Amino acid sequence: MKPVERAKLVRSLRQESRRLRLLVLVIGFFLVTLTFVVISKPDALLFNLNGRLSVDHAPRSLLIRQRIHADSRRSADTFPAAEDPKVVDEDEGAEDATAKGTSEEEKRLLSSEPEQGKNEEAATASEVLGGGGEEDNKNGEEEGHTQHSKVTLPTVSNYTIRDAEDTDNGKQEDGKPNEKYEFEMDADKGDNVEPETDNEEWNKKPLCDFSNFRANVCEMRGNIRIHPNASSVMYMEPASSKREEIWKVKPYPRKGDELCLGHITEITVKSSKVAPECSKYHNVPAVVFALTGYTGNLFHDFTDVLVPLFTTASEFNGEVQFLITDMAIWWTRKYKVVFDKLSKYPLIDFNNDDQVHCFKHAIVGLHAYMEFTIDSSKAPHNYSMVDFNRFMRRTYSLPRDFVTALGEIPKAKPRLLIISRQRTRMFLNLNEIVAMAEEIGYEVVVEEANVSSDLSHFGKVVNSVDVMMGVHGAGLTNCVFLPQNATLIQIVPWGGLDWISRIDFGNPAEQMGLRYKQYSIGVHESSLTDQYPLDHEIFTNPLSFHKHGFEFIRQTFMDKQNVKLDCNRFKPVLLEVLDQLNQ
């Protein structure tokens with residue numbers, strides 16, 4: 001080969017070598033970036049650009065696999081104390097837990113086999129709904145617990161009804177500040193049957209299902225250890241099993257709402273071959289869920305807790321043990337009749353318990369779907385809102401199951417309940433509305449619904465009427481007490497809020513077996529005309545304000561607006577309902 005040709009070949013090879021190195025560098029950078037994203041943000045690859053998880057295309061489960069190289073221990077006093085729920089506008093941030101090294105004695109305990117009933121009588125009592133607890137000299141042993149980075153879930157647009165009159169949290173029902181209560185940690189004393197672990201069908205399933213856009217739920221059958229002090233739920237694997245699962249769950253159905261979930265205790269659900277010794281055996285399933293969040297507002301009491309809890313726990317017919325994180329005593333007292341109907345056992349305060357509870361069946365989190373509804377195609381036993389409506393009527397011993405046709409009762413007048421409000425979205429001409437309704441044949445009842453209302457009394461009032469009406473707000477949640485075929489009329493304030501109103505109360509009412517009417521007010525019926533000129537964009541193009549986010553919508557169209565109903569315009573709605581009641 002000639003020297004000239006050899007030189008050209010060398011230059012060509014050098015160029016190709018540089019290109020190859022550049023290609024390798026680019027590919028390497030891409031792989032490093034992808035690896036970082038997968039490890040640090042496992043959810044990021046599963047959601048579309050607007051941050052919402054598609055209900056139809058969501059994965060069946062999101063598994064976070066990690067190997068545990070070192071045990072650590074979290075002290076119980078590092079968890080935030082359970083407080084009454086507060087609906088807030090600023091994220092207060094959760095305190096970080098402090099990790100401590102695991103002693104040799106604890107390592108020995110973790111690998112030991114449980115001795116049935118050994119520590120049952122000697123276990124320390126904690127605070128649970130029921131009665132005064134007695135303290136013993138033995139403290140429950142804590143599980144070795146590894147701190148992992150929090151799994152950040154995608155932001156989901158969670159619409160919340162936060163009425164001014166429904167945010168008086170931190171109070172008992174009688175308006176007194178919270179007091180310190182002590183409760184007996186004695187879920188089902190005397191249950192000494194050790195859980196069985198042989199369940200091949202459940203062994204094949206992932207422990208948790210993250211596919212639901214609103215709630216993450218973990219369900220296990222077998223040998224399960226719940227250790228509140230370590231905020232952990234352990235599924236005991238056979239020695240031959242190679243499965244390793246670790247999940248991080250906040251058991252409150254507002255998935256993606258970081259403001260709300262910032263106040264919820266995170267629970268680690270994992271498979272394990274070693275665990276702390278059982279100090280308490282239970283023969284009934286466990287359901288673990290949180291209270292702090294948006295509870296304290298009537299709408300969120302139901303859509304975030306009571307409806308999901310009914311969906312999750314009804315199948316057990318009272319034979320179920322509730323373990324509540326972020327306990328709010330005043331709230332559990334308010335809904336004590338509901339808890340008593342769903343469970344025969346005292347509530348366990350998860351954040352103030354030091355025992356190791358052993359179950360054969362456990363559910364962490366609550367089954368939840370769209371706002372204030374049940375998806376019967378996905379719910380256990382195909383439960384529906386008709387079932388929930390029936391459950392609430394029976395729980396509060398309400399007499400009317402169905403609305404009776406007016407023609408069957410001589411001279412009977414249909415009863416109309418008007419939900420009044422005293423702060424925002426008030427009826428400015430309430431007396432005129434009452435007079436008009438009475439003129440066309442209604443017997444009118446006016447009641448105010450707020451956080452301090454006696455739910456038992458209010459439920460009886462609601463159940464006694466044929467029609468309930470009110471401006472969009474949490475008070476309309478009381479429709480759960482209406483008899484079948486009763487009518488709910490929702491007055492929608494100005495501001496393009498028809499779709500929100502339909503989702504929050506229209507769809508749920510119809511799914512409960514109620515008739516539903518929606519009346520959207522006109523510009524002349526809004527008090528906003530006293531604040532803005534008629535040619536203002538708030539009247540000519542109200543939907544343009546929605547781009548500023550829900551907080552702006554709430555402040556502008558809900559908190560600063562009252563309603564002066566045009567009785568001539570609204571009268572045909574009441575007449576139409578009257579005709580339906582006569583059929």
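Cβ atoms are placed via backbone N, Cα and C, with glycine included.
Straight from Swiss-Prot, the features:
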{"type": "TOPO_DOM", "residues": "1-21", "note": "topological domain 'Cytoplasmic'"}
{"type": "TRANSMEM", "residues": "22-42", "note": "transmembrane segment"}
{"type": "TOPO_DOM", "residues": "43-583", "note": "topological domain 'Lumenal'"}
{"type": "REGION", "residues": "73-178", "note": "region 'Disordered'"}
{"type": "COMPBIAS", "residues": "102-121", "note": "compositional bias 'Basic and acidic residues'"}
{"type": "COMPBIAS", "residues": "135-146", "note": "compositional bias 'Basic and acidic residues'"}
{"type": "COMPBIAS", "residues": "149-160", "note": "compositional bias 'Polar residues'"}
{"type": "CARBOHYD", "residues": "N158", "note": "N-linked glycosylation site"}
{"type": "COMPBIAS", "residues": "162-178", "note": "compositional bias 'Basic and acidic residues'"}
{"type": "CARBOHYD", "residues": "N229", "note": "N-linked glycosylation site"}
{"type": "CARBOHYD", "residues": "N382", "note": "N-linked glycosylation site"}
{"type": "CARBOHYD", "residues": "N450", "note": "N-linked glycosylation site"}
{"type": "CARBOHYD", "residues": "N485", "note": "N-linked glycosylation site"}
Q. What is the Cβ neighbour count of N382 (N-linked glycosylation site) at a 10 Å cut-off, with all protein chains included?
A. 11
Q: Give the residue from the glycosylation sites N229, N485 that has the most other Cβ atoms within 10 Å of its Cβ, counting over every protein chain displayed.
A: N229
Q) If one measures from the C-alpha of N229 (N-linked glycosylation site) to the C-alpha of N382 (N-linked glycosylation site), what distance in angstrom results, rounded to a whole number? A) 35
**Q.** Coarse DSSP state, helix versus strand versus coil, of N485 (N-linked glycosylation site)
**A.** coil
Q | Pairwise Cα distance for N485 (N-linked glycosylation site)/N382 (N-linked glycosylation site) [Å, integer] | A | 21
Q | Three-class DSSP secondary structure - N382 (N-linked glycosylation site) | A | helix
